[in-house]
Amino acid sequence: MQSNKTFNLEKQNHTPRKHHQHHHQQQHHQQQQQQPPPPPIPANGQQASSQNEGLTIDLKNFRKPGEKTFTQRSRLFVGNLPPDITEEEMRKLFEKYGKAGEVFIHKDKGFGFIRLETRTLAEIAKVELDNMPLRGKQLRVRFACHSASLTVRNLPQYVSNELLEEAFSVFGQVERAVVIVDDRGRPSGKGIVEFSGKPAARKALDRCSEGSFLLTTFPRPVTVEPMDQLDDEEGLPEKLVIKNQQFHKEREQPPRFAQPGSFEYEYAMRWKALIEMEKQQQDQVDRNIKEAREKLEMEMEAARHEHQVMLMRQDLMRRQEELRRMEELHNQEVQKRKQLELRQEEERRRREEEMRRQQEEMMRRQQEGFKGTFPDAREQEIRMGQMAMGGAMGINNRGAMPPAPVPAGTPAPPGPATMMPDGTLGLTPPTTERFGQAATMEGIGAIGGTPPAFNRAAPGAEFAPNKRRRY
């Protein structure tokens, strides 16, 4: 359907304007008679119609799936514009082909630029509006040069359009990325990258020229250079050739084959020999470059193998070093744990020894306190002995007094003590009770009734020196 419309439009452009309008009006009148009236045009801007022509374009049919809109590829150059044209008139001129994204007019030089939604719509507008008369001038519509496009060479074999776009998107927004292939679909090692602006293209060109930009594992960098803007669609029409003196001189002879033996033939053959030599030298250069590439690839593979082996060795050494370091750390941890256990054991023993000493000290203090409160038997015997000796001395003093007359035949009363032949008193040892004065002392008789406590002398008796009566 699209090709038929394009063919009809191209055919109409080669007919006179009046005949074209008359023929189109007749065709439109016949369509109105045969078909019902068309539905109303929606207000969403997806369909548009021109004032001069009744042809409508469905914009949905001219947009490919996933195609980016308003790119540099859909930018048109419009020449031979009237000097008084405005942007509003130019938008109205292209209103049939959808909403324009960019309109620029250079009134002094008589040209301008306009950007449409898609490449297909721009192609249709170019075909329909090229050579259209406008205020006494014929419009010249061409595709604008893409100044932000780059040519990429030395692409690896397994680089696709998507990978190429992803790789160069680090420099800026990429509108289109294409890997050029031959007629069999095999990659040629070349590609085209189109950016949305010149700064991104300049950045990519500078970075790739200064460094080595790799796209795959294969370490062959790509080369980037500005793309040659060549017009292989319109070419050079006869009407655009400058008709100067050199033009007329060159056009004196029509196209022909040179006759053998003539002047033209001789120099034509010399030109052919030069061209053949250039071709042979170019082929030789290509062969040398190919051999050098193959040699470099072989060296690169060998070096890559050695590099991988070296990396494996380094990784093995690194792992061994890491294992050794882990073992050292483990040994240090074990030593620290052992030292900690030894310190804990020593601390435990020290605490036990301290507790034992404290217990012994406590027991010793308890024993000393018990002894201080309750004197032992030896001390008690000494004290009782001293008391007994004091009492004996008092008795002896008493015995020095003249005895009372005792009737004959009366037995002597029992005294408190009896002098032994060895000069000692016949006293019984004191008891071990705490209060010895309460015990009954043998060998000491009652003197005038109940014996006094602590060996007190009888009333009226004389006391020893340094002794006083106890009450």
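The chain as shown is numbered from 1 upward.
Using N, Cα and C of the backbone, Cβ positions are placed for all residues, glycine too.
In Swiss-Prot this protein carries:
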- 14-27: compositional bias 'Basic residues' (COMPBIAS)
- Lys5: SUMO2 cross-link (CROSSLNK)
- Lys60: SUMO2 cross-link (CROSSLNK)
- Lys96: SUMO2 cross-link (CROSSLNK)
- Lys99: SUMO2 cross-link (CROSSLNK)
- Lys126: SUMO2 cross-link (CROSSLNK)
- Lys190: SUMO2 cross-link (CROSSLNK)
- Lys198: SUMO2 cross-link (CROSSLNK)
- Lys243: SUMO2 cross-link (CROSSLNK)
- Lys249: SUMO2 cross-link (CROSSLNK)
- Lys371: SUMO2 cross-link (CROSSLNK)
- Lys467: SUMO2 cross-link (CROSSLNK)
- 148-229: domain 'RRM 2' (DOMAIN)
- 1-51: region 'Disordered' (REGION)
- 443-471: region 'Disordered' (REGION)
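What Swiss-Prot annotates, mapped onto the structure for a quick look.
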residue: Lys96; record: SUMO2 cross-link; Cβ within 10 Å: 21
residue: Lys99; record: SUMO2 cross-link; Cβ within 10 Å: 13
residue: Lys126; record: SUMO2 cross-link; Cβ within 10 Å: 19
residue: Lys190; record: SUMO2 cross-link; Cβ within 10 Å: 15
residue: Lys198; record: SUMO2 cross-link; Cβ within 10 Å: 11
residue: Lys243; record: SUMO2 cross-link; Cβ within 10 Å: 10
residue: Lys249; record: SUMO2 cross-link; Cβ within 10 Å: 9
Segment confidence, the domain 'RRM 2' (148-229), expressed as mean pLDDT: 93
DSSP-derived structure type at Lys96 (SUMO2 cross-link), helix or strand or else coil: helix
Tally of DSSP helical, extended and coil residues in the domain 'RRM 2' (148-229): 21 helix, 26 strand, 35 coil
Lys190 (SUMO2 cross-link) versus Lys99 (SUMO2 cross-link) - Cα distance in angstrom: 35
Candidates Lys96, Lys190, Lys249 (recorded sites) - the one closest to Lys243 (SUMO2 cross-link) by CA: Lys249
Of the recorded sites listed as Lys96, Lys126, Lys249, the one whose CA lies nearest the CA of Lys190 (SUMO2 cross-link): Lys126
Lys126 (SUMO2 cross-link) versus recorded sites Lys96, Lys198, Lys249 - nearest by Cα: Lys96
Where Lys126 (SUMO2 cross-link) sits in the secondary structure, as DSSP reduces it to three classes: helix
Pairwise CA distance, Lys249 (SUMO2 cross-link) versus Lys96 (SUMO2 cross-link), rounded so that it is a whole Å: 46
DSSP three-state assignment for Lys243 (SUMO2 cross-link): coil
Three-class DSSP secondary structure - Lys249 (SUMO2 cross-link): helix
Lys198 (SUMO2 cross-link) and Lys96 (SUMO2 cross-link), Cα-Cα, nearest whole angstrom: 30
